[in-house]
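Heads up, the thing below is written out as structure tokens.
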């Protein structure tokens, strides 16, 4: 039997191996294999995890949210949902996990990022990777061919988390989609309009929406001489141009993916171009692209899209970018990405941009699930709210802005001891009328402490009840900000609070 010191040495060696693979970004299968070996070794050595010191923390790539953070998130959601409803959307929900077969074959290389669950009653299940594939399954199951919907829920991805940039292993995704047969590019333009409305309303800084089309990409690769079998892998290289230089991308395509240098150079002539509708018109006259049917169809749709964007007054926020090459296997036509542009705040800092939303047209997804292969044209957007939350939180911290974590409108306070439940009755009266009210759960609270509590939590009004007020049938209503006090008859209290807080006459 090996000594405890030797056992610990072997275990530490295995731990270092697993950590090294993760740092090198090895394949998920290789990491899982080494983790399985490590767990097996622990079992063989009788390694008791319970004897080790337990560290109380959230799992890597996850976090808790404080009341202050949740208040910020709710305000962001209010802006987003208000916009969706303004555009006539309905809301749906789907299970947090799907049959594994439903998700497989929809995400290309990203399939390795899907969380699989243990076998449950003979069904192989996986946590949802996004909200779009479940939506496609929902449409096919219910034989729906026309709907405008939004869905806000968590998705799960075994990715490398970047907490400071709002990238987590489980994150909230906000989707808005339009399914149905409509005139070309009108739903696409509305999706772009919605994203611009939301980002402008949130006031999180400058942003730019990049657009391209999968048909233009495929046509471009074809005329450049890229073999069909390499379309998707070359696509993933091109999409890195927002992070690295063209030379690095070219070296990857030639050195790692076996593309001929002259083919890579032809691709480079195209993908380094970006601009407005004039670039679309220029490419329609391109001697090579103009001979490719897919590219011409994509360019024609983009030209029409820019006409609607001009009509909607958002064309100045849109850029046609040929390097935009991302997209999952079910994406078909126009693709879009919204990026936030954060300018440097100090000397030596570089400007950076971060994706906060994307669009996609996926006309063939529903047909993958429909027994008869019937297609339902779909276009939609996804908003990366986790990144938006991070930016809003950082902005509020920098401004030292106070955030209210409750919506209490009035605190019912007592001025003396033993008031025979007068403050409780007043609070019940307010609750029954739909007023957001609270009182402190203490028998003899000091009035000064109650007023201080209002200042700390941002409660705007205090309803003060004392012995004299009870005798006179009035309640003293105090403004916390101005410290102005006025006597209000008990039967008029609800109306006076509503007037001061601009609350409508209905119960929340």
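Glycine too: its Cβ is placed from the backbone N, Cα and C atoms.
Note that the coordinates shown come from a computational prediction; the quantities given were computed from them, not determined experimentally.
If you look up Swiss-Prot, you'll see 3-59 marked as domain 'WHEP-TRS'. The phosphoserine annotation in Swiss-Prot covers 66 and is backed by similarity to another entry. According to Swiss-Prot, the feature L-histidine binding site maps to 130, 131, 132, 157, 177, 326, 330, 331.
Spacing of residue 131 (L-histidine binding site) relative to the residue listed as 'phosphoserine' is 26 Å (Cα to Cα, whole number). In the structure shown, the C-beta of 132 has more C-beta neighbours within 10 angstroms than that of any other entry among the recorded positions 66, 132. Between the listed binding-site residues, namely 130, 177, the fewest other CB atoms within 10 angstroms of a CB are found at 130.
Residue 331 (L-histidine binding site) sits 37 Å from residue 66 (phosphoserine), counting Cα to Cα. A straight line from the CA of residue 66 (phosphoserine) to the CA of residue 177 (L-histidine binding site) spans 31 Å. Annotation: 131 carries the greatest number of neighbouring Cβ atoms among the binding-site residues 131, 157, 326, 331 [cut-off 10 Å, Cβ to Cβ].
The average pLDDT the prediction assigns to the domain 'WHEP-TRS' (3-59) is 77.
According to its DSSP assignment, residue 132 (L-histidine binding site) is helical.
Residue counts for the domain 'WHEP-TRS' (3-59) under DSSP (helix as H, G, I; strand as E, B; rest coil) come to 40 helix, 0 strand, 17 coil.
According to DSSP, residue 66 (phosphoserine) is assigned to coil rather than to any helix or strand. Secondary structure from DSSP puts residue 177 (L-histidine binding site) in a beta strand. For the recorded site, residue 326 (L-histidine binding site), the DSSP three-state label reads coil.
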